[in-house]
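Written below as structure tokens is the structure these notes are about.
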Amino acid sequence: MPPGTSPAEAEAEAWTWENAAAGAAAGFATVAALHPLDVVRTRFQVSGGRGWSEVPPYRNTAHAVYTITRSEGLRGLYAGFYPAVLGSTVSWGLYFFFYNRAKQRYLQRKDDQLHPVHHLISAAEAGALVSMFTNPIWLVKTRLQLQTPKHHTSQYSGFSDALRTILREEGFLALYRGIGPGLLLVTHGAIQFTAYEELRKAMIFFKSTQSRTDNRGGEESLLNSIDFAVLGAGSKVAAILLTYPYQVIRARLQQRPGTDGTPKYSNSWHVVKETARYEGVRGFYRGITSNLLKNLPAASLTFVVYENVIKLFKATKEKT
């Protein structure tokens, strides 16, 4: 224990790292199970409008899955899988770490439970920090997912080749294309985590009232994996509906430039103007069906894994 650190502070520090480990495990499980729908969503997000696009036209999610499987095989459905796993695992791990550190900081100033605004601010802080760390990973993931047999004569062979090629052809700043809408997407995590915390409190209150017990086992004795799945999915719906256009803008900005080296969109405002002019409001919600199909079970799975890993850590700690 560092000098001047109280036992309570040391325990809080330890639990921050355990939260990070639980978040990383949750992120890995989510991506491994649902990556094909992420590929479909990304391709839908950049399709439509005017200008060049190497992404084939898909009628719907099922048609996209069928077309990709037929023309590119299973490898096409898992394009960008490595950076997706890396990005999601790192993102969720860092997110839970920064989120819980922020909550602990605000809790030190209060004697009772945190107000919803503190959950909101904590989630926003965590999201902004994670976005800065992981934007290059997400950019590479998007580029790999958009590669088709007709895309470029010199395709990226993988994650490291994509990084080297981008640095060589476009420079370091290209790794941060889409960082603007990426930072705006912190509102997604903030909305999701705030909704999750408040729904969790409400469910605990409801179940404790129904059971009419003193609940000596704590919250863990009241909520089960089904409850966590419902909470995760419910909070995700609110976040997706309010922030999805940011994801479309970011995906369009992160496309690989044309053969002449010119990006299709110069900045976020250019994306907004072109999308609104040629596609209307509907353009900002391209791929939302596959996004919901991916993210509702993904959010459920993430919080189920996270909460159960935390339970496992607590049970192990109590035995020692």
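Glycine too: its Cβ is placed from the backbone N, Cα and C atoms.
Mean pLDDT, taken over the repeat 'Solcar' (14-105), works out to 82 on the 0 to 100 scale. As annotated by TrEMBL, repeat 'Solcar' applies to 14-105 (among others).
TrEMBL lists 114-202 (among others) with the feature repeat 'Solcar'.
Sequence annotations record features per position, and here TrEMBL assigns repeat 'Solcar' to 226-312 (among others). For the repeat 'Solcar' (226-312), the DSSP-based tally of helix, strand and coil residues reads 69 helix, 0 strand, 18 coil.
Annotation source TrEMBL lists transmembrane segment at 80-99.
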Cβ contacts under 8 Å made by the transmembrane segment (80-99) with residues that lie 6+ beyond its boundaries: 16-17, 19-24, 26-28, 30-32, 35, 38-39, 42, 122-123, 125-127, 129-130, 133-134, 137-138, 140-145, 158-159, 189, 193, 302, 306
